[in-house]
Amino acid sequence: MKILVDENMPYAQQLFCQLGEVKAVPGRPLPIEELDDTDALMVRSITKVNASLLAGKPVKFVGTATAGFDHVDTAWLEQQKIAFSSAPGCNAIAVVEYVFSALMVFAEQEGFQLTDKTVGIVGVGNVGGRLAKRLRALGVNVLLCDPPRADRGDDEQFHSLETLLKQADILTFHTPLNKSGRYNSYHLINESNLDILPEGRILINASRGEVIDNAALLSALNQGKKLRVVLDVWEPEPDLSLELLNKVDIATPHIAGYTLEGKARGTTQVYEAYCDFIGQPQHVELSTLLPKPLISTISVQGELTQTLLKQLIHLVYDVRRDDAPLRKVAGIKGEFDKLRKFYPVRREWSSLQVVCDNPTTASLLNAIGFNATHK
């Protein structure tokens, strides 16, 4: 049994070698000749999986170690009776913490308290739901927009995108990319609703590049529209607009979900799915794979102020560390993917044990994802 895995899937060799021969390969471009004798293919979001890649190949199972799967032609796989699995929610925590890191940058630069702002979340699935929960735990006003969930009658108060555009100080997008149908999210932000968006708003996209019409956004910024913009995803990738890159406040190379924990969850989820497929069920405890972080414990005193929160968040991950490298090399062919391939280890807040002398501080930190204790 031969299993082909993306070389950027941590722990894939360690896990899949128990099942057969494992070969790690680049995801873009994927060496198509390797598929001639491959039984299972494990990819990440940079690999387009469709008839062009797999027609006539012996592959019987495709797994993507990512939450989204718009890079996979699932309808074609189903027609060919090729089993498929994704990793829903695997990097949700990482994306939430990316958004918080960016918000702490703006809060410091502009001198605002997050609790004085209204955050509009578009797409309230694994990422958006977790983001809303953490923001609310801190006392931040949140407006939610999720038409599919609203239509299902889910037990939440949902608002229209137009309401969020008008009322939210911060807009962050966590919707899947749908290019057709009732819940079309292609160019959800476009020229017409950029006109509606008041000046001074913060716009964050860490979902899919095409959710925002990048040409329309660039045009608005060139015309003097005053917006603070964070883009982790681009239209197109990897050949993003250098002009737009130079206009946005924070720019990163599609790495919002790239924590070690998030990647490891993706690997373990598709590993477990493949084990089920071949009739050898397994369960992997993430803690058995992850190393101890470089900074594992810190002590804090007093109440949880925004200043303290910002220090803790940026101790674990400061989004600006990923902005500068992209700006340096974005115009060089292949460098966007290299930044992703050789991405430095990044951990989640839960990897940091925070020892607090204030029980309320410990409780709040635990509520938003830190590993806090009161002593």
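For all residues, glycine too, the Cβ spot is worked out from N, Cα and C.
Annotation source Swiss-Prot lists substrate binding site at Ser45, Thr66, Tyr258. Per Swiss-Prot, NAD(+) binding site is recorded for Asp146, Thr175, Ala206, Ser207, Arg208, Asp232, Gly257. As annotated by Swiss-Prot, active site applies to Arg208, Glu237. Under the heading active site, proton donor, Swiss-Prot lists His254, citing sequence analysis as support.
Locations of recorded Swiss-Prot features on the structure.
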residue : record                    : DSSP class
Ser45   : substrate binding site    : coil
Thr66   : substrate binding site    : coil
Asp146  : NAD(+) binding site       : coil
Thr175  : NAD(+) binding site       : coil
Ala206  : NAD(+) binding site       : coil
Asp232  : NAD(+) binding site       : coil
Glu237  : active site               : coil
His254  : active site, proton donor : coil
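Around the Cβ of the residue listed as 'active site, proton donor', a 10 Å sphere holds 23 further Cβ atoms from the protein chains shown.
The most crowded of the recorded positions listed here (Asp146, Asp232, Glu237) is Asp232, judged by how many other CB atoms sit within 10 Å of its own CB. All chains included, 24 other C-beta atoms sit within 10 angstroms of the C-beta of Ser45 (substrate binding site). Between the CA atoms of Asp232 (NAD(+) binding site) and Tyr258 (substrate binding site) there is a gap of 11 Å. With respect to Ala206 (NAD(+) binding site), the closest of these recorded positions in Cα terms is His254, chosen from Ser45, Thr66, Glu237, His254, Tyr258. Taking the mean position of the Cβ atoms of Ser45, Thr66, Tyr258 as the substrate site, the remaining same-chain residues with a Cβ inside 8 Å of that point are Arg44, Ile46, Ala65, Ala67, Gly68, Asn91, His254, Gly257, Lys263, Gly266. A separation of roughly 23 Å, to the nearest angstrom, links the Cα atoms of Asp146 (NAD(+) binding site) and His254 (active site, proton donor). For the pair formed by Thr175 (NAD(+) binding site) and Tyr258 (substrate binding site), distance between Cα atoms is given as 18 Å, rounded to the nearest Å. The record assigns Asp146, Thr175, Ala206, Ser207, Arg208, Asp232, Gly257 to the NAD(+) site; their largest pairwise CA distance measures 21 Å.
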